[in-house]
Structure formats: structure tokens, C-alpha cells
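These notes are about the structure you will find just below.
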Amino acid sequence: MDLKVFFGNAAIVCTVASFFSGAFVCKKIWRKGSSADISPFPFLAGVLCGVLWLRYGLFVKDPVVISVNTIGLLFQTIYVLWYYVFTLNKSTLHRQLLGTVILLGGLFYYLIYLTKDESSAIQASGLMASASSLMFCAAPFASLADVIKTKSVENLPFPIIISTFVVTSLWFIYGFLLNDKYIQVPNFIGCLLALFQLSLFAIYPSKRHNVD
């Protein structure tokens with residue numbers, strides 16, 4: 001089997017499987033009865049990432065990128081809605097949602113009206129998608145201050161972080177085989193970021209993680 005096909009299929013399967021990791025966070029929210037102390041940033045970053053990578057996939061006509069991000073966008077949208085339902089004070093979340101919509105609108109306006117040709121649009125789309133991937137991988141860092149303050153990783157989304165490590169590793173290899181720097185570079189950095197976040201679980205205790 002061609003290596004591109006093998007790692008492309010592996011990336012699809014593992015990425016789709018990783019989308020279910022958000023369900024563990026949603027389960028935690030359901031058990032607590034609210035989304036307090038849990039950042040919505042990973043879910044919002046997931047939506048942003050899904051939209052921008054889907055746009056890039058359509059530009060370069062890559063069926064692997066298109067299919068996986070269509071599915072991912074659906075999952076992340078469901079997670080955002082779940083988070084919204086269990087948010088008691090919705091004013092802050094409303095501002096975050098509005099900010100995400102405005103950001104996407106501005107980026108698409110740039111791609112549609114301000115890029116000179118298809119080549120520059122692909123380049124701009126690739127850079128945007130790459131930046132969004134790094135944002136998604138770094139999303140759990142939103143809870144880093146709380147981790148240091150409490151000396152506990154209880155509020156870090158372990159399932160999302162471990163799945164991010166596996167998935168970014170596969171996408172890095174796929175991007176390397178395609179010689180696509182927009183897939184290659186952010187996933188290599190994302191893999192390192194996830195590895196750093198996993199190291200926090202060895203440094204700080206987590207009652208929930210130990211019980212599980």
C-alpha cells in the first residue's frame with residue numbers, strides 16, 4: 001500500500017476517534033451540572049480549526065483533509081452547544097462566540113476579496129489553517145495558570161491532550177509525505193506542545209486521573 005494512502009487513512013481514523021475525546025469533557029460537565037472551571041477555548045478553537053482546514057482542503061482538493069474536517073466541524077459544534085447549555089453565566093461565552101464569528105468573517109473576507117489570485121489564496125488559507133492548528137493544540141494551556149496555582153491537573157483535558165499527541169504525529173508524517181509545509185509544520189509543533197502538556201501529568205497530581 002502507498003505510504004500516503006496508509007498514513008492518510010490512519011490520520012482520518014485516529015482523528016475521527018480523537019473527536020470523541022471531547023465527549024469525556026462533556027461528561028465531566030454533565031456530572032458537575034455546569035461548565036464552571038472548564039474553559040470553552042478547546043471547543044471554540046476546534047470549530048475555528050475545522051472551518052479553516054476545510055477551506056484549505058477545498059482549495060487544494062485533498063479528500064483526506066476535506067472529509068476529516070467536515071466530520072470534525074460537526075463534532076466541535078455539538079460540543080460548543082453542550083457547553084452552552086451547561087453554562088450558567090452566558091454573557092462571557094456570548095462574547096467569545098461573537099469573537100469567533102467575527103474572526104472567521106474577517107479571515108474569509110480576506111480570502112475572498114483581498115487575495116490576488118488562487119495561488120495567494122491557497123497560501124493565505126494554509127497559513128490561517130496552520131495557525132488555527134497551533135491554537136487548537138495549545139488550547140489546554142488556557143488552564144495552565146490554574147494548574148500551577150492549584151498544583152493539580154484535574155481541570156486539564158487529558159483525553160484531548162493524549163489524542164492530540166497521536167493525531168498530530170500522524171498528520172505530520174502525512175504532511176511530510178505530501179511535502180505540504182502547511183500540514184507538516186503546525187502538526188510537528190502541535191506534537192511537541194501536546195508532549196509538554198502530557199509531562200504536566202507526571203509532575204502534578206490529578207485525583208480524577210488517578211481514579212480513572
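Each Cβ is built from the backbone N, Cα and C atoms, and glycine gets one as well.
Bear in mind that the values here come from a model prediction, so they are computed numbers and not experimental data.
Quick look at what TrEMBL annotates:
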type: TRANSMEM; residues: 6-26; note: transmembrane segment
type: TRANSMEM; residues: 38-58; note: transmembrane segment
type: TRANSMEM; residues: 64-85; note: transmembrane segment
type: TRANSMEM; residues: 97-115; note: transmembrane segment
type: TRANSMEM; residues: 121-144; note: transmembrane segment
type: TRANSMEM; residues: 156-177; note: transmembrane segment
type: TRANSMEM; residues: 183-204; note: transmembrane segment
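Fewer than three CB pairs closer than 8 A are found between the transmembrane segment (97-115) and the transmembrane segment (6-26), and contact between the two stretches is not assigned (pairs 6 or more residues apart). Panel annotation: around the transmembrane segment (64-85), residues 8-9, 11-12, 15-16, 19-20, 22-23, 25-26, 29, 35, 38, 40, 43-44, 46-47, 49-51, 53-54, 56-58, 93, 97, 174, 183 of the same chain, lying at least six beyond its termini, place a Cβ under 8 Å from a Cβ of the stretch.
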